[in-house]
Amino acid sequence: MSSPASTPSRRSSRRGRVTPTQSLRSEESRSSPNRRRRGEDSSTGELLPMPTSPGADLQSPPAQNALFSSPPQMHSLAIPLDFDVSSPLTYGTPSSRVEGTPRSGVRGTPVRQRPDLGSARKGLQVDLQSDGAAAEDIVPSEQSLGQKLVIWGTDVNVATCKENFQRFLQCFTDPLAKEEENVGIDITQPLYMQQLGEINITGEPFLNVNCEHIKSFSKNLYRQLISYPQEVIPTFDMAVNEIFFDRYPDSILEHQIQVRPFNALKTKSMRNLNPEDIDQLITISGMVIRTSQLIPEMQEAFFQCQVCAHTTRVEIDRGRIAEPCSCVHCHTTHSMALIHNRSFFSDKQMIKLQESPEDMPAGQTPHTIVLFAHNDLVDKVQPGDRVNVTGIYRAVPIRVNPRVSNVKSVYKTHIDVIHYRKTDAKRLHGLDEEAEQKLFSEKRVKLLKELSRKPDIYERLASALAPSIYEHEDIKKGILLQLFGGTRKDFSHTGRGKFRAEINILLCGDPGTSKSQLLQYVYNLVPRGQYTSGKGSSAVGLTAYVMKDPETRQLVLQTGALVLSDNGICCIDEFDKMNESTRSVLHEVMEQQTLSIAKAGIICQLNARTSVLAAANPIESQWNPKKTTIENIQLPHTLLSRFDLIFLMLDPQDEAYDRRLAHHLVSLYYQSEEQVEEEFLDMAVLKDYIAYAHSTIMPRLSEEASQALIEAYVNMRKIGSSRGMVSAYPRQLESLIRLAEAHAKVRFSNKVEAIDVEEAKRLHREALKQSATDPRTGIVDISILTTGMSATSRKRKEELAEALRKLILSKGKTPALKYQQLFEDIRGQSDTAITKDMFEEALRALADDDFLTVTGKTVRLL
């Protein structure tokens, strides 16, 4: 991001000047007036030719004189020792190129465009075979020294490094590449030359280079890249731009091509990073837990003298501005003022990365590290994403006081991001949306479509889901439909709002019936999944909490598990152990798919488009078939009604079932390699199948399916009305629609048909048989889940209250009755057993009607 006062063409023309004063702009005024006048003329576009590389155009005397000899007007300039014209960032481009294109500027990428590489200082190059005094002299040509000229502090020879990388680009073919993984790429041709062709077509000036490929091509080049990325990557930029613009001279890009290496084999976990990794290229993996707002970072400061109006520019070195002490034109001290709207800025974002749970040692808390993303990498990741980050590990000193320049001996570390990669081989659709479209080759898509035409594809996919868990086919089918999800519908433009597409499932039953294993399997399968436990979760841990940003010291919102699993699945184990305040936050998320926050002056509404997969155990440690679902797990009916499917996972007391289950469990311990490999292949097909359907198939209801859904809902209501009970609510109809859409996705169908509605009805009916059956009558009563009480229980409660009223009236005008005596009288009068709880409920019902009041052990009439 640059100021409005400077345009790309003006910047590029300034970079293209012939003399090596690019890093000495603050000393331009020391030269004679003729020199300044000539500099002003050059800014109008009349650029003198400069050599394009150390080995090109250096033999001609004009080029040598222009590059290595100072003009007469510059003899008075004091050239600092850390400046050398053979630095990889000082090579220019002949002025014959079109102004305004990337070729009109410096051939290597300017540091202003690569803030991720840090320092803008030019590396001093020294002669390895000369003494210290000779090293200070500017050499006439790198060719005269062969391979001996290196950047100070490294063993990087610019010409050799650039030549090796160009050979790598022009020659490398990946011998391990597979056609399925490289869609649209000829694996027999040089890989990166084909990618340059894609850059020419798409216009995206970024080349992602796999470090593993560089290592297989040249171990020395790979070592230099890992050890000295700040010096080597600009050389790579210069090499790839020369090849690209020689191959595509008419191509116009937004800026010069930037090389972004990834997959550095020096991959470490966060807790293993140590001082030896500082200023080296590393790759770490983790989960993004927070991203900051966009921060403008100054890359080049513009100063103006308040006395004589002389201006100068100063490059920013890792956030430090070298403010001029005096004006070089009028020699007035402390007269230079910073002009913000003439300075150059870049976009910057702070990202907090947390250690992945699978990389965490047992008994340890997760480590976090701060990342800084620049320019095009800003807003590329969101909280909840699992990423592999390649960047340069930095250490900066901590100031004793913000107003004092003294620093402590303790340093704080961060990573300047060069490349993100949102891939996870174990998870579904873990790539970004653009990469998803390129993930499936035509051959793979053809295979998936052939599978979708098989009549038993639904059963095949369900059996491939958690194959180690015995039976529970309907539960696996329900979870499979949850992974596919329905079609997201947005009718907000017509005033009807949004309708959720996510399916919520609750598993409840006896301990040891694989509920937690199913949750762990789903969590490891989806990319934006979160796994929490009931006792280990709080309300703010699920939603969001306010904290003070350590960088800006402002109050910011830190998101919780439900927001981090947006567009994913949130797995909640021990659902019944949650306290009431924690469960209450789920009401809005499970129906409206949003999360409203009003804390510490921060008022917002966050997206939480997540499916909830929960598991709950009964309060008596074993399921009591004589009690309803709500009585067994003690969950509020307002929450249970938001689950589309509620399954019971019971442990039947059956010897034949126990024998089959034991045989299945024992067989898991002596699987052959062929069985394991076959299971892995099934898993790969399952992941690809769901990922393709999730991203490309958006089914709509057909007329036939619409009529079938209407008939199903009306019939469900009719069955209950004949017995004076409610057997369906509009929420059940919406659940049927979502399940039918998910089943259509299983068939790769863009239209929901009657067969999908039938399967949705069957699955919904099976779940209701288990969870909404009245234990007294054995009849399905949906009001158990929606109101917390079956119609039979409600009728018995009313009858008992009426009988108690008649009993009290029959005793005459007695002002007070004993509680225990009244309880024994009503029990003796009734034909059915009456518990103390039922008696107290009847008393409360009469008290609500202002018929009586209970004080202690006495019942008084009103």
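Note: Cβ is positioned from N, Cα and C throughout, glycine not excepted.
The annotation ATP 1 binding site is assigned in Swiss-Prot to Arg496, Arg642, Arg731, Glu734 on the grounds of similarity to another entry. DSSP assigns Arg731 (ATP 1 binding site) to a helix in the three-state reduction.
Here Swiss-Prot flags 61-71 as compositional bias 'Polar residues'.
Swiss-Prot lists 457-666 with the feature domain 'MCM'.
Summarising the annotation, Swiss-Prot assigns N-acetylserine to Ser2 and lists similarity to another entry as the type of evidence.
What Swiss-Prot records for Thr7 (among others) is phosphothreonine.
The phosphoserine annotation in Swiss-Prot covers Ser26 (among others).
Look at Swiss-Prot and you will find Ser31 (among others) tagged as phosphoserine, backed by similarity to another entry.
Residues or ranges marked as phosphoserine in Swiss-Prot: Ser32 (among others).
The phosphothreonine annotation in Swiss-Prot covers Thr101 (among others).
The phosphoserine annotation in Swiss-Prot covers Ser119 (among others), and the record cites similarity to another entry as its basis.
Residues or ranges marked as phosphoserine in Swiss-Prot (evidence: a large-scale study or a structure entry): Ser130 (among others).
The phosphoserine annotation in Swiss-Prot covers Ser141 (among others).
As annotated by Swiss-Prot, phosphoserine applies to Ser144 (among others), with the evidence given as similarity to another entry.
The Cβ of Lys219 (N6-acetyllysine) lies under 8 Å from the Cβ of no residue that sits 6+ residues away along the same chain. According to DSSP, Lys219 (N6-acetyllysine) is assigned to a helical segment. Taken from Swiss-Prot, the feature N6-acetyllysine applies to Lys219 (among others), supported by similarity to another entry.
Under the heading N6-acetyllysine, Swiss-Prot lists Lys449 (among others), citing similarity to another entry as support. For Lys449 (N6-acetyllysine), the count of additional Cβ atoms within 10 Å of its Cβ stands at 11 [all protein chains shown]. The DSSP secondary structure for Lys449 (N6-acetyllysine) is helix.
According to Swiss-Prot, the region 'Disordered' annotation covers 1-71 (among others).
Cβ-based neighbour count (10 Å, all protein chains) for Glu734 (ATP 1 binding site) stands at 17. Tertiary proximity for the motif 'Arginine finger' (641-644) is limited to same-chain residues at least six positions away from its ends with a CB under 8 Å from its CB atoms, namely 503-506, 586-587, 590-591, 612, 614, 729, 731, 735, 738-739, 764, 785-786.
For the motif 'Arginine finger' (641-644), the DSSP-based tally of helix, strand and coil residues reads 0 helix, 0 strand, 4 coil. Between the CA atoms of Glu734 (ATP 1 binding site) and Lys449 (N6-acetyllysine) there is a gap of 28 Å.
Put simply, Lys449 (N6-acetyllysine) is 33 Å from Arg731 (ATP 1 binding site) when counted between their Cα atoms. Listed in sequence order, Asn504, Leu586, His587, Met590, Glu591, Arg731 are the same-chain residues six or more apart from Arg642 (ATP 1 binding site) with CB atoms under 8 A from its CB.
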